[in-house]
Structure formats: structure tokens, C-alpha cells
Amino acid sequence: SCHASQLCNCSSMGLDFIPSGLTAKITVLNLAHNRIKRIQSQDLQQAVNLRTLLLQSNEISSIDEDSFQSLEKLELLDLSNNSLAHLSPVWFGHLFSLQHLHLQGNSYRDLGQSSPFSSLKNLSSLHLGNPQFSVIRQGNFEGIELLHKLWIDGSNLSQYEQGSLKSIKQINHMILNLRNGNIFSEIVRDLLHSVTWLEVTEIKLPVGKKSLVQNSTRPFRIQKLTFKEAFFTDQSISRTIVSLKEISSLKELEAINCVLEGRGIWDTEEIARSGQSFVETVTVIKLMIQNFHLFIDLEGMESQINKLKRLTIASSNVFMVPCKLARHFSSLLYLDFHDNLLVNKRLNETICERSWPSLQTLNLSQNSLKSLEQTANYTSRLPKLNNLDISQNNFGEIPDACVWPKFLKYLNLSSTQIPKVTSCIPRTLEVLDVSGNNLKEFGLELPALKELYLTRNQLKTLPGAAPIPNLVSLSVRRNKLNSFSKEEFESFRRMELLDASDNNFICSCEFLSFIHHEAGIAQVLVGWPDKYVCDSPLAVRGAQVGAVHLSLMECHRSLVVSLICVLVFLVILLLVALGYKYHMVWYLRMTWAWLQAKRKPKRAPPKDVCYDAFVSYSENDSDWVENTMVRELEQACPPFRLCLHKRDFVPGKWIVDNIIDSIEKSHKTLFVLSEHFVQSEWCKYELDFSHFRLFDENNDAAILVLLEPIQSKAIPKRFCKLRKIMNTKTYLEWPAGEEQQQIFWENLKGALKS
């Protein structure tokens, strides 16, 4: 289980003993969460270069006295959560380099008669104690001069010998889990000169009047006191306030997850008599007050708050501060009321005229404010306010104009459900946060603005740079931004930071070219390159923008498509020209007619043949056909039945079907040929759709009548069979003389009867 870095991880392997074969190469050995019961002399003898030894959460109850003798380079030893019933100074005698020692969670009741840590001159952090730990004696911490962190679980500590912790000259941070309030005072007296930050958990503070500074070594070092999960009453909190005033070095008080049983009826007279407090910062987070709505207005505490500079009361059901009390916070610079129950009506009382006169920063986020216009108006009563956080209030709408503090520079309106931004937002701002509001655009003119946060909105483009010329930092993370151009980017002349991460970027050639070639853009983009990922094209989805390089074809796709379209158009144009020149359309039509004709029987059934002849002629020859030929043939004895398109075509039927049906229902097809016929479009159609069926060398169904002399070469070349028939078969020619005309009619009638 050892890696190249010489870290051996043997945790959670069900081991009952320390494995053999450990060498000098190992620097980190993790044996946590096993079932080891004993550490023997030879177990770690060869691991002379060990820096970290983790033995927590085993069942260790016995350690041989020289088990750690060879570990002179050990820096961290964790023996927490085992079954050690006592601690021996001999164990740690050779751990000259040890900096971190964890001994909490065992079963020892005390630290012995002397100090187990006297040889640990480099110790920086010490964790000890357990639910059975009950006694701290003088001399238990001898040899320790400086600790960065001291953590003692003394939840059941019942005996503390005065001066036991006094030997430690400096402790930066001490965490004390203590329930016995009487011992608390004795411990504090020994720590005032050494601890910078004292954190006490689970304590129930005493009501006694013992001094906290009696017999304490001066000067005092303690600056911060934190109570976690502590229990206060009206009486104990009054006494604590008085007692803490004696500690002149104390500047910060903190209460987290504490319970206050009372209604605020404090001994304000005694508090006032005890003088001025030196505390400048008070932080109260998640204070539980039973029946908080009955808590009184703390009248009489006015004299105790005028030196306070920073006040935080969060997640504690605060719904108002009486105006009279608010006016005495004369020195307060910072006020944090986030996650409480403030509403607009109570805010009018909390921020009344002449209240909070020095306030510069106000946090009202996560309350129940509904009107942005009223909120702005109330805060305008704060003459020095420059930083306002009213985020996570459900305003829902924003007016066109608002009254704000004159010198407001920072405004947080994130997650307030405002649908847009209007001129209600003051022009004096240097920092504006309107994240999480589903904004689709941002076009406000804010000439002094330096930082703009538009995270979690619906913006598709970067906001315009002209209305915000001094912008230094812009965040448009998690919007609908899919790209931004070189021009948009460079329009922000003072931009130093741009956070456009977590957007779905379209990795177009233009965008990629800009990203790859823009000098210094990697230093400007926050989260680059990990948080900038392509969403399209599909081939590069999920890839980092900076790593994508598209091919030349992909980058000039529109040009390629345009060229292809032009080429296709030219080819079509060429085909049209060739088709026109070589009568391609005619050949296509003939092919279609041939296919149509192939699907029908060669000859119609006799019962369907109802005409002697279908007459095909040019409109310019209609006078001769209709007035001369039709009269002569249809009035003959017996009369001939002729099919004329003007008279006999079925109305509404497709012209092509009419032509084919008429030819098929006629015994003969009579073509009246002339120069006009050759040029007539409809005559061409009639020839087209009868060509394959009629113009067969062995077929005499076609009768050609030359109305005027016409050379076969004048007939278009595409009518190749017509030209051939005219060259090989006899046709009737309309004569000029009357005698010849009579012979013409006889011959025509004979041809129709054949």
C-alpha cells in the first residue's frame, strides 16, 4: 500500500497489529481505523524517517515505553479515539521534532502527576481530553511555552488546580469544551496573559460574582472570546457582561448556536455602574431565544453600546431594533442583520432619523423585505452608508426612481426577483451585484462603476461598455452567453478581470481565433481554462475552449457552401443552355410519353374507337381545317367523324391526357403540315405523344397533309422519324387548282377508309 511518495496507506484494513517490514524510506504511515491493540518496541524501530504517524480510531490500550524512541523526525502523531487509560512521558521523550499531537477520545482521567509533554519543545498544536477526563493538575503542561492551537475536551472536568495552564506563555487559539461554569472562571484567570482567542463550548455560565482577573498575570493578551452551544440566562448574561469589562484587552465577543433563556430583563443598573466596555466587535449567530417575540427592548443598555464598532446578529429571529436604542450606536461602522425577520414596516423603526449615525456597512440580506423603494428610502437616513447588502429579499419589482444614501458605493441586489434594472439604481455605485435575477439585458449608465456581478442571469451578450466606461471587473458566469467578440472585449478599456465561466460556448472559428490570438486574455479570464467549455459544434462538445482547433474546411464552411451553390447554379445554367441547344427538354418529354404509352395497350378496343381521325394542326391553319377540310369530310356520304381539340377535348382534363386519349380513340391521325405547324408548341406536343405509337415504319395510321410546300430539312431534327417518313412515304399535298383539289379530297377519303 506504499506509493512512490513513500506514503503507506494501511487504513481500514482490519489489522490487529502494526505490519512488519517497515523501512527507513517511509515518511507517512496511515494505520487509522483498524483493530490494533498494542504498539510494541520493535514495530516502528526501522521507520526512522517517519514524519506522519496516524493511529486514530484503533483499540490501542498499551504502548511499550520505547515504541517511539527511533522517531526523532516525527512531526505529527495521532493517537485519538483509542483506549489509552494513562499517558506516559516516556512515550514522547525522543519526539524532538513533534509539532502536532492528538490524544483526544481515549479513556485517561488525568495527565498524571507531572507533564507528559515536557520534552516536546517544538509542539504547535495539542488535542487532548475525553468524556472521562476530570482532573488538570499543576505541572501538567510544564515544558510547553508556545502553542498555535490547544484543544481540551473537558466536558466532565470537575477539578482544576489553579495555575495549571499558567506555565504556557502563548496560545494563539484555545478551544475548551467545558460544562462546569465554576471551573471556567479559574481557567480564564490562568489564560488571560497567554491566549489570544479563547473558544468555549457547551458551558452554562455561572451567576457568581467572582472576578475574572483576580491573581491574573498582566498584561492581558486575550482579544477574542467565543461561546459555542452555551446556555445563558438573564442573570448570567448580566453578570458575564460586568465580568468581561475587567478584561481590558478583550475586543471581540462571539456567540454561536447559543441558547438564551429569558426576556432581556438584565441588571442594567449594575452593568452601567461597572463602567465602559472595551469590546468593539460583537457577533451573535443562531441565538435561540424561547418566546423571542416577548423579548423586551433592552432599555438601559444605551450607555454600553456607544463604543461598539461592529455588530452582527444573524439567524436569530430579529424583527426590529427600537429607535431609542438604535440612536445610541454612535460609533457603529458595521451592522449585519442577515437571515432574520425584518420587514419594511419594522425597518422604518429600526432605521429611524438620527439612528446609526456613523454606519458605513449594512447587511439586511435574507430578511422579509418586500418594497425596494421603501428600503432605499429608509437607508437614505444613514448619512455615511456606502455599503449595502439587501440580497435574497423578495422585492419582485423595481421602481423607476429611488432615494438612496448620498455616498452609496456598494449595492448587492442579488436574488431579489427584480425583472429588470432601472434608473432606481444609484449612479454613485462603484460595485453592483444583481446576480440571480433572470435579467435578459443590462444597459444602465453607471459612470463610476468598477465591479459588476451578473452571475446566474439570462444574458446572451456582454453588456455594452459605453455606459460603464470605468469597469475593472465583470462577472457573467452561468448566463446564456455563447461567445463574445474581440470588439466587445476590447471595448472595456480598463477591464482586468472577466468571469465568463460556466456558459455554453459556441466554438465558432471567429470566437476561437479571437481566444487563441488575443494577448493576455488568459490573465483576464477568471477560471481559465477549466471552466470554459464548448457546447457546439457537436464534435467538440465538452472540450475546453482553449484546446479546440477547427480545420480550415470547418472554419470556412459558409464560403465553401457559397462556392458549391455557385457551382451548382452554373452547372444547372450550363445544362439548361445545353438542353435548349440540343433540345434536351424535348427528349425528356418524349421519354415520358414513351413510358406512358408503354403502359397502355397498342390499340384501343374497337368499342372505344369513336373517331375516324384525330386532326393535328396549327392554330394559324385553323381557318382551312375548320372551314374547308372539316366541311368536306364531315358532310361527305358517308360522313367522317373527326376529332378536333377545340371541339372534342374533355374540359378540365389534363391536355396531355386529352391528346393521348384522342389519338388512341381514332383510327387515323391526320397531320396538317405547314411552316406554322413546325413552329407551333401544341403541335409539337401532339407529335411528341404520338411519336412512338404512330411513327413506326410498318404503321400506316398517320396521314400527312402538306398544306403548303415544306422541305423535310425544315422539320426540327428531333422529329427524326417524321423526317424519315416524309423522305420514304407518300404524303398528300394541297393543290392550288380546283381540279386537283377534287382529286386531293378523293385521295384523302380513300386514305381515311383504308
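Placed from the backbone N, Cα and C atoms, the Cβ positions cover glycine too.
The Cβ of CYS8 (disulfide bond) has 21 neighbouring Cβ atoms from other residues within 10 Å, across all protein chains displayed. Under the heading disulfide bond, TrEMBL lists CYS2-CYS8 (among others).
Sequence annotations record features per position, and here TrEMBL assigns disulfide bond to CYS323-CYS352 (among others). In sequence order, CYS323, ALA326, ARG327, ARG381 constitute the residues six or more apart from CYS352 (disulfide bond) in its chain with CB-CB distances below 8 Å.
Summarising the annotation, TrEMBL assigns disulfide bond to CYS402-CYS424 (among others). In this view, CYS424 (disulfide bond) is surrounded by 18 other Cβ atoms within 10 Å of its Cβ, with every protein chain counted.
Note on the domain 'TIR' (609-752): mean pLDDT across this stretch is 78. Per TrEMBL, the feature domain 'TIR' maps to 609-752.
Summarising the annotation, TrEMBL assigns transmembrane segment to 559-580. For the transmembrane segment (559-580), the residues of the chain that approach it from at least six positions outside its boundaries are 553, judged by C-beta separation under 8 angstroms.
When the disulfide-bonded residues CYS323, CYS402 are scored by other C-beta atoms within 10 Å, CYS402 scores highest.
Within the same chain, residues at least six positions away from CYS2 (disulfide bond) with a Cβ under 8 Å of its Cβ are CYS8, ASN9, ILE26.
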